[in-house]
Amino acid sequence: MSSEAPAYLLTPNPNSTYEVTPLTGNWSSVLEAAQQQPAADALAAMATSAPTTFDVVEAYAHVYQLPYASYIYVYIMWITFAVLFVLFAVFHQTGGRVGYVGSLWNKWLLRRRTWRKKHSLMKAMKAGKKHSQPFSLPSNAQLLCITFLWVFAILLSFVGPDYIVRNRADTFTKPYIAKRNLATSALQGNVFHETIQKSWWTSSARLGIISLTLFPLCVMFVTKAPPFALLAAPYLVQIWNDKLVFLHKWTGRLIYFITSIHVVFWSVQLAQDRISATDNNDVWTVIFLHVPFIYAWVAFIFFTILMVLSLKPVRALSFEFFYIAHVLLVPLVLIFAALHFPRLQWWSWVTLIVWGSERIYRFAKLLWANGIITNIRNAPMTQRYIDFVQNEQAGTMDVHRLKVPPFASQTFDNEDKKKSWASDSPTLALEKSEERPCAARRPGYSYRGTYIPPPGYAHVVLLPGKTVRVRLVLPQYFSWAPGQHVLLTVPAVSAWQSHPFTVSSACNQGSAGTDAQDVVLVIRAQSGFTKNLYDHVEKLRAGDSRGDQPDFPFIPPNEGVLLRAYVGGPFGSSVRVRWTTYSTVVIIAGGSGCSYAASVLEHVTACIAGKKDMTLAGRENAGQIKRVRFVWLVREFAYMQWIASMVRRCIERVPAGTLQVDIYVTNTMSMKAGKRLSPSKRFTVDSLHPGHANILGYGNESKASIATTDTAYSDVEANFGEVDDIINSYGELGHEEHVLDMTNYGGEDDTMMPSEREFSRQLQTEGEMRRAETHMRKSMLLTGSGSGPKAPPPTYHKQAFEDEATMEKGIGHHRTMSTPMPGSEGRPNPTPCSGFVSDLREADDMFYLSENAHSGRPKLNEIIGEEASNCIGSNMLVCCCGPTALIATIRKHVAENIKPKLVLEGKAPAITLASEEFEN
């Protein structure tokens, strides 16, 4: 357009109106003269006709934009974040968490505070509500991160000038061509020449820039799979979504908070400004002619809905609805935010691309790993399974792939040869008990006694405590680190829901065995998906159905059902723990948190035993580990079935004195209410053993390690029992404490079935008998009264194992399990729990483990202190998983036992905490 064309000069007045001045002749020279003024707050509007309202609105929006020099605050923010990420990565990779500096760091930052309103437990009991965990704040480390993020972002939003002009070139913006049919319409010019400290519009614009550029950080905290989950990358901090979800939530709240102020400030500016000197209406009446302003309100409305649905009470009503709404609203917010402010649109587009690509990647990986997009029959693990089935049916099982462990019938020249032979077995752990008989292996089962499910299908069995155990093998090769979790989908229950569950088995990546890569999940029913899964399995079992059936050769299980299942993952920050760099490992679990503990226990004991392939990396060995202690707080003795076989394998895998197992059962009311053995026919723990005896003989255990026996806390029946036994008015965390706080997650049903109660009594009695006999044997050896009786024989009934028909009778049949032990004539033979334990091996494992189970609660502080005092090396690891109250208690006790000064002097170990805490 010629510079001689008619033009109009829009000049802002002090009263927030605009003067429209016609320009004639060579208007470009007039504009150039205006730009030379010290404070030429002018915008040239060039058109072939007088400016319309639309032109005025477009000019208004064009004037009120910050120059690029004002974006310096964004650069400062992200450079700071990058430096902090690098520092934390170096700190982690160089082992900074261990040692004096790490002790100083952990001493205060580990603590996590909980709170419960006084008398709230009593009110909940009277109202018949289910038990719920106390309210919990984040840990001190998390609070520090949240505080820094909020303070830093707010300072960058308000401190310093908003409108920064470094030179005259910065004051010019690119021409804005109005998207109208008038081809001659255009806007160009200069805005403000001077730095502006504060005004409604400059502060609002600056807040909008900060909030929009925080979107990538928010998404970075929620992505699950590397390489899109940058912080989980192997050579950075290796922190996954499970540890960052709280930062994701608070970053989202921060963005919404800043955005809300941005909206308020802009609203004030629009209300103050007038359209022109002749039109006294505020700009609100015409601002919606500016299309990006409409995009802004659409984005803000979607963002508001997103934040309301993210509130915990709303999520608790229906997590599935929240999740679906989240997935739909997040891209809408990002898209309309990009359209609202084209200058910074790539911040939103890149965020959306990363968020969407990570989900597509995870979905594609799930389809591939579970044989959905490929022919499941051609998958490697499926082919191996088909070969296994065909060999079973032909009677030509390859004994080299499924070896029998070294029992009494197997002889070796020396101990090293025996250990080497067992370690090479791809499917079985090293068994040290040579007196344990070997049952005839059932078709479709490994010599470990576990059913081998067809790849892609989950073998699901019911367990006590409204719990199911899910065992599956993926069609493709699948590996995970100890303590990691997977996302499980069962189409028969819900085709579109996936929920996280910790893998309770360790990955034997280097093995070629058919059941070497079992993904085992222990899932306790609460509500939603977990309850629906339990009910579905129970319904199939009641109808004598075996569930889904694959379209390739398979052997059906003798118990439980088969369900098509998909697994995504693995995920979890436990991959960052260097397990074998610690001399002592203490593993503490509460309730169904045993899944995490079992995986870690199996991994570290396998490393001690020399199974170098028992790890995600495939090359980890015992390292510095000298001692492992496993502590499990559980509600009922019958619940030991969840992981009994695995724990026994771990005990028998390592040398005596390396592993100590202590199980504390907090429910004693049902034991009091039920019929027990008469005092003349049973031994008591208190009368024969002052500490907490166990079968392995680990030396001198402290009396203080166990808080109570038999009279500690009462059971919570339907009527909650005696209130004084249920509630401690001032617990370890400084508020009212419920007996279920240490063992039950919120929403779990604590009702017992009669068969579970009866079996719990049998296990308790069996454990007391075994401890008494062990103590008697030790006493006879110490007093020199003879060699004493031999160790209690295994509780397998030999004839039951040799009778294949008995093995296949299935659920609901009692069997004689034990032969009398020396000194226990007249003692009743324990029988497995009707309706749950149908496998004789598993029942025997439970009775074996009962010697390590005590009634009462442990003194966790003294257990941790005891292990720290006896630690041989310089580093000690405490692993914990369980309900909120247990996690907070362990954090408190670990912090109390960290002594940085003594660590510096080499007189105390540096204690590190590794915990699994799911946030919802």
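Any Cβ shown, glycine's included, is placed from N, Cα and C.
The domain 'FAD-binding FR-type' annotation in TrEMBL covers 449-577. Among the features that TrEMBL reports, region 'Disordered' is placed at 813-833. Marked as transmembrane segment by TrEMBL: 72-91, 135-159, 209-233, 254-271, 283-309, 321-341.
Below 8 angstroms of C-beta separation, residues 66, 70-71, 73-74, 77-78, 81, 85, 153, 156-157, 239-241, 244-245, 247-248, 251-252, 254-255, 258-259, 262, 334, 337, 341, 344, 347-348, 350-351, 354-355, 357-358, 361-362, 365, 569, 571, 573 of the same chain, each at least six residues beyond the ends of the transmembrane segment (209-233), sit close to that stretch. For the transmembrane segment (72-91), the partner stretch with the most Cβ pairs below 8 Å, chosen from 135-159, 283-309, 321-341, is 135-159.
Residues 53-54, 56-58, 60-61, 179, 252-253, 256, 259, 263, 267, 270-271, 273-275, 315, 321-322, 325-326, 329-330, 332-333, 336-337, 339-342 of the same chain sit 6 or more residues outside the transmembrane segment (283-309) yet have a Cβ under 8 Å from a Cβ within it. Non-local neighbours of the transmembrane segment (321-341) in the same chain are 208, 212, 215, 292-293, 295-296, 298-299, 302-303, 305-306, 309-310, 314-315, 347-349, 351-352, 355-356, 359; each lies 6+ residues outside the stretch with a CB under 8 Å from one of its CB atoms. Remark: secondary structure over the domain 'FAD-binding FR-type' (449-577) totals 18 helix, 41 strand, 70 coil, with classes taken from DSSP.
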